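Chemist: One structure, as structure tokens, below. Some questions next.
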Amino acid sequence: MSVDTDTVRRIARLARIAVTEDDVPHLQGELNAILAFVEQLSEVNVEGVEPMTSVTPMRIKTREDGVTDGDKAADIVANAPATEDDFFMVPKVVE
Amino acid sequence: MTDLTDLTLAEARAGLETKSFTARELTQAHLDAMGEARALNAYVLETPEKALAMADASDARLAKGEGGPLEGLPIGVKDLFCTEGVRSTACSKILGEFAPRYESTVTANLWRAGAVMLGKINCDEFAMGSSNETSAFGPVVSPWRRDGSDAKLVPGGSSGGSAAAVSARIALAATATDTGGSIRQPAAFTGTVGIKPTYGRCSRWGIVAFASSLDQAGPIAKTVEDAAMMLQAMSGPDAKDTTCADIPVPDYRAAVSRGVKGLKIGIPKEYRVDGMPAEIESLWQQGQDWLKAAGAEMVEISLPHTKYALPAYYIVAPAEASSNLARYDGVRYGLRVPGRDIVDMYEKTRAEGFGREVKRRVMIGTYVLSAGYYDAYYLRAQKIRTLIKRDFEEAYSAGVDAILTPATPSAAFGIGEKGSGDPVEMYLNDIFTVTVNMAGLPGISVPAGFDAQGLPLGLQLIGRAFDEETLFATGRVIEEAAGRVTYPQPWWS
């Protein structure tokens, strides 16, 4: 499979990465090189094979359902580019 | 007194114990050497004040007859590990001046063991690369050069700064991470020892995530024993990472001298790839001869799905990366580029903040997870991953204790030499290492010889899950047979 320039623009949009018209041709070339490389996977017979969900056989850990952390709003917003009263500030989302 | 920076971690710890020198002297010697070595670009942030304060605290503990296993030993930290109050960037512009309010579990474990932090070390952006050329801070220059040449070589990647720092003797050891070969390949390129432990051995908490089902932390060090000391301190259960194994960590350092008598070492025929340089082939044979002479038995094995590991990796890793990197949106930390609305802000921030390789992988990941393609790509790749793991399980259940392979298909290459036109050319560096991540197994790279131009080459040993001990024991036999590596004289100072 290979991608055309419209698909490159669509993927960029889904990935939330702005691309310029100049970027599109080389991105298309690079993405197609990778897709051509992974194409060989189609020759493997995967009939009846379970997809891997966990690389080591382990049970997911559980713990008591209690509050173990919190009360650190100032720490959480400390690195944000824009904050006000421990809130993250973003451009207007709803008109 | 010999130069303190020439010591191994074990020698330095012994010297502190006998009071031959202080932790402050040891740390200062490394800080001085770092100041002379800036041309290598191995550190992205030096933390001399913190280092000296930690060294003084170590000296105080040592004076009282206390001190942990790494007490007073100065090390470098790959910039992928979050360090409290110290800028942590994953070598990406998008994290800007991010200074975490918390410490990664692995580094916290190291400080608890007494280690001293020299600074934060360069790596490929978000650990995506095999040459350390994708870093927003620029490439790392390897301390190694070809005989009679002053061409700048890469130290490998993504933990290129860690490998360069250790072989340039500007850190006694360093933390690193490995998603597809990022510890073992740079170790092989620089004559250092690097181990990626079993998935789940080290907590991933506080390490900037790349591909969560593949990422593991591990050390790069000068010797097998040093790597064992480092991994011992780094590992262990952690309630903050649900994939971190609740298994006690064995005494790795004790395992180092265990020997290989009676061990069965698998030699996978699929690793004899087309176009493999004769030097790599003969290094591999040499490794087998050394292990045989030490009492191990070589058995030919088959890992039939080997060739599919790298392409499957280039679906799984970018897919997971595209999810993990969704958090970099200009809202919670790092860079924000203003836009006319929120989506425009996201898109501009990510366009400006991510480098080319990262964008490429996020886009591939987005594509293979998108509606209509998920089954054809991601699901198929995860099925192939099951087959890759099954290959290893069959070899181990047939009685093989460890598997010996080359670490890399070549020695280090020049800066700017690979991957500029076709990204796949760079990806092929990880052909021997990536299978190990796909199967979650431990793998170690040990220096084993040199190519015709005097550049180091490494051999890789792959172990059973949670059996790093056999890798240390076997790695030590190769290390002893090959002889201790003499690191390059500091042409950079």
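Each residue, glycine too, has its Cβ placed from N, Cα and C.
The domain 'Amidase' annotation in TrEMBL covers B:25-471. Annotation comment: TrEMBL describes B:K78, B:S158 as active site, charge relay system. The active site, acyl-ester intermediate annotation in TrEMBL covers B:S182.
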Chemist: Averaging the per-residue pLDDT over the domain 'Amidase' (B:25-471), what integer do you get?
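Modeler: Residues in the domain 'Amidase' (B:25-471) carry a mean pLDDT of 97 in this prediction.
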Chemist: Taking B:S158, B:S182 as the active-site residues to compare, which has the smallest set of other Cβ atoms within 10 Å?
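Modeler: Taking B:S158, B:S182 as the active-site residues, the minimal 10 Å Cβ count falls on B:S158.
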Chemist: Around B:K78 (active site, charge relay system), how many other CB atoms lie within 10 A of its CB?
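Modeler: Other Cβ atoms found within 10 Å: 32.
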Chemist: Looking only at C-alpha atoms, tell me how far B:S158 (active site, charge relay system) is from B:K78 (active site, charge relay system), rounded to the nearest Å.
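Modeler: Approximately 10 Å lies between the Cα of B:S158 (active site, charge relay system) and that of B:K78 (active site, charge relay system).
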